[in-house]
Each structure stands twice: as structure tokens, then as C-alpha cells.
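The structure under discussion appears below in the form of C-alpha cells.
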Amino acid sequence: MKTSCLLTILLLSFLVAVAVAEGERSARAAAISCVGSPECPPKCRAQGCKNGKCMNRKCKCYYCG
């Protein structure tokens, strides 16, 4: 019983850490302003992402990692 409880706590801690890291990565990418979608892919690639498009005058970067 104690082992399964410990494993559950470790799993939840890992998931929280991953969620926080993804949120920070998204916040960095969201700071890129744009006017049209053609200007986003190069800016997103410079951030380490594979693609991006302009949404609400901010670049939305995809496949970051």
C-alpha cells in the first residue's frame, strides 16, 4: 500500500513539473508579435519550434521541444 501511494505521489509530481515547464515554454513563444502568418515560422524556428502561425497578433508556435 505504501509503495503504490509513493508511486502515485511521484507520478503526480512529475506531471506537475512537466506542465510548469510547458507553460514557461509557451509563455516565451507567445511573446512574439506578428502581423501575418508568413512571418511566424522563422521566428518560431529561432525559438526551437518547428512551425508557427499568427493568431491574435501573436505567433503561436507548434512542435516545440
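Just so it is clear, glycine is given a Cβ too, placed from its N, Cα and C backbone atoms.
For 1-21, the entry in Swiss-Prot reads signal peptide.
Taken from Swiss-Prot, the feature disulfide bond applies to CYS34-CYS54 (among others). Within 10 Å of the C-beta of CYS34 (disulfide bond) we count 19 further C-beta atoms, all protein chains included.
Per Swiss-Prot, the feature disulfide bond maps to CYS40-CYS59 (among others); the stated evidence is similarity to another entry. CYS59 (disulfide bond) falls within a strand segment according to DSSP. Of all Cβ atoms in the protein chains displayed, 23 besides its own lie within 10 Å of the Cβ of CYS59 (disulfide bond).
Positions annotated as disulfide bond by Swiss-Prot: CYS44-CYS61 (among others).
Residues or ranges marked as disulfide bond in Swiss-Prot: CYS49-CYS64 (among others). Taken residue by residue with DSSP, CYS64 (disulfide bond) is part of a strand.
For LYS53 (site 'Basic residue of the functional dyad'), other Cβ atoms within 10 Å of its Cβ number 16. LYS53 (site 'Basic residue of the functional dyad') falls within a strand segment according to DSSP. Per Swiss-Prot, the feature site 'Basic residue of the functional dyad' maps to LYS53; the stated evidence is similarity to another entry.
If you look up Swiss-Prot, you'll see TYR62 marked as site 'Aromatic residue of the functional dyad', on the strength of similarity to another entry.
Look at Swiss-Prot and you will find CYS64 tagged as cysteine amide.
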Chain-internal residues, separated by at least six, CB under 8 A from CYS54 (disulfide bond): CYS34, VAL35, GLY36, SER37, GLU39, CYS40, LYS60
Disulfide-bonded residues compared (CYS40, CYS44, CYS49, CYS61, CYS64) - the one with the fewest other Cβ atoms within 10 Å: CYS64
Count of other CB atoms lying within 10 Å of the CB belonging to TYR62 (site 'Aromatic residue of the functional dyad'): 13
Between CYS61 (disulfide bond) and LYS53 (site 'Basic residue of the functional dyad'): CA-CA distance (Å): 7
